[in-house]
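Student: I have a structure here, written as structure tokens, and I will follow up with some questions on it.
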Amino acid sequence: RLEQNLIKSVPAGAFTAYKKLKRIDLSKNQISDVAADAFSGLRSLTSLVLYGNKITELPKGLFEGLVSLQLLLLNANKINCLRVNTFQDLQNLNLLSLYDNKMQTISKGLFAPLRSIKTLHLAQNPFMCDCHLKWLADYLFDNPIETSGARCSHPRRLANKRLSQVKGKKFRCTGQEDYRSRLSGDCFQDLVCPEKCRCEGTVVDCSNLKLTRLPPHIPEHTTDLRLNDNEIAVLETAGTFKKLPNLKKINLSNNKLRDIREGAFDGAGGVLELLLTGNKLTGLQGRMFRGLIGLKTLMLRSNQITCIDNSTFTGLSSVRLLSLYDNRISSIAPGAFSTLHSLSTINLLSNPYVCDCHLSWLGQWLKKTRVVSGNPRCQRPAFLKEIPIQDVANPDFTCDGAEDNGCLPTSGCPDACTCSDAVVRCSNRGLHSLPKGIPKDTTELYLEGNMLTSVPKELASLKQLSLVDLSNNSISTLAQFTFSNMTQLATLILSYNQIRCIPVHAFDGLKSLRLLTLHGNDLSLSQKELSTTSPLCPTWLSVPTPCTVTVTCAGSPSGSRLVLKSLESLVALDLLTWLTGSCSPHHSTDFSVKAQ
């Protein structure tokens, strides 16, 4: 008798030496793990009491050879499944209690070896009474041995009905009630609902949990996965959907998604509906949707998408409904929808379309297509504002040569650079200007060690940039609003240039900037010098809202100050060389952060 202790596991061969044991009582412990051969060789054992523990699964062969066992109490545990051959040697078992566990289904034939069974307790389990459990109802009708009053938990139409009294025709599998397409009698580790999620039938609801990534161990039988209203920023390639062969719908709406890694949806060929509404996606590439070969509905409304190119929807030939409503789309590349062979409805409304020469094809397409589009309207130029795109005369779709259409496909790599994926390196090439043909989807651009005298204005058109290295050039000034369109930029390196002046609004718009490097510049102009030589620098700037970082040379009459404002995400500011070089030997460096 070992009941009411703090035992957490039963190790291999724990009782092997005690061949004459007739009764073992391990009830009311904290057992969660039992070795497969824990009771090996106990051919005289008649009673095994394991109730009131934390057992979730019985290992294969646990009761093998227990030919004398008559009483087996497994009630009040957390058992979620039983292998079909679990009780194969228990021909003499009279009473089996599985009361108060987590079983949703039972393999057909589980009780067939129990030729002497007189009493069976199955109540207080969340049974899914679908077609796969019909056999149990028939078994209990023919063998009225279940005395605890087992009831159905799901589906809703059968909830709380006594299992033995439900007619056979009621046990059916339709739609989401098809709990398992096949039941092999093996234990599936993923039958348990993910932590904090809510599971009903084949619906797994993990919404509103502040998740930053997909939960582990999603049940294999899931058809509807609800991940909406969380804080997922990047959908990683984790192979999650390869383990969910029955999945039909994914809801990722109202997260913080800014990127979907290539291969994230591998294995999701059976998914019919993908909801991505209310996220922060700015650019779409065909690689994002790889694996979604059966997709019928794609909802992308209320994101921050700026353009659609002709590779965006590659591989989505089955999509019928596509919503791009309420984004920031200004242009759509010719042929962007040509791969959507099944498309019947597309919502293009509420976007700031620029009706220039690059969009003329869309006007013609909207006139000819049978696809319902919602009649999108121009927003620019001014003389076409609010005019339906399909009503604009072809000659009015004009370009004056100054436009930069961020959706036009670019190919190859500039001669002076090397390109790998979205990383472009143009370092140490003696460049006086930005090379033409930088791919529009570039995320990292390295221009260090050149002869640039100012920040190239063309950078503003590369809206996917997250890193720019302009170190070791000859940049002497920063213009106002130089980086205002670069909202994705996280790292900006301006070290070892000739910058002496930073205008008040030089860094406006850099909402995502986390690292700013300015060391190796001589930011030591006095206020008097600033007022006479640089009218654009009436004050030194600072960092970040809602804080102000002030750097001063203590004791200096003018109190040189650097103030960088409106950098909401900044976490690192590198000023090392300037701090040590511009303060005189008689004055200490004072670095302070004060609340604004």
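Including glycine, each Cβ sits where the backbone N, Cα and C put it.
Annotations in TrEMBL come from automatic prediction, not curation.
According to TrEMBL, the protein has these features:
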type   : residues : note
DOMAIN : 125-174  : domain 'LRRCT'
DOMAIN : 192-224  : domain 'LRRNT'
DOMAIN : 351-400  : domain 'LRRCT'
DOMAIN : 412-444  : domain 'LRRNT'
Student: Can you tell me which parts of the same chain pack against the domain 'LRRNT' (192-224), counting only residues 6+ beyond its ends and a CB-CB cutoff under 8 A?
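Tutor: Same-chain contacts beyond the ends: 56, 80, 102, 128, 154-155, 176-180, 230-233, 235-236, 238, 240, 243-249, 251.
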Student: Note the mean pLDDT of the domain 'LRRNT' (192-224), expressed as a whole number.
Tutor: 89
Student: Based on DSSP, tally up the residues of the domain 'LRRCT' (351-400) by helix, strand and coil.
Tutor: 21 helix, 8 strand, 21 coil
Student: Of the residues in the domain 'LRRNT' (412-444), how many are helix, strand and coil by DSSP?
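Tutor: Taking the domain 'LRRNT' (412-444) as a whole: 0 helix, 7 strand, 26 coil.
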Student: Count the residues of the domain 'LRRCT' (125-174) that DSSP assigns to helix (H, G, I), to strand (E, B) and to coil, and report the three numbers in that order.
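Tutor: Helix (H, G, I), strand (E, B), coil: 21 helix, 8 strand, 21 coil.
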Student: What are the helix, strand and coil residue counts for the domain 'LRRNT' (192-224) according to DSSP?
Tutor: 0 helix, 7 strand, 26 coil
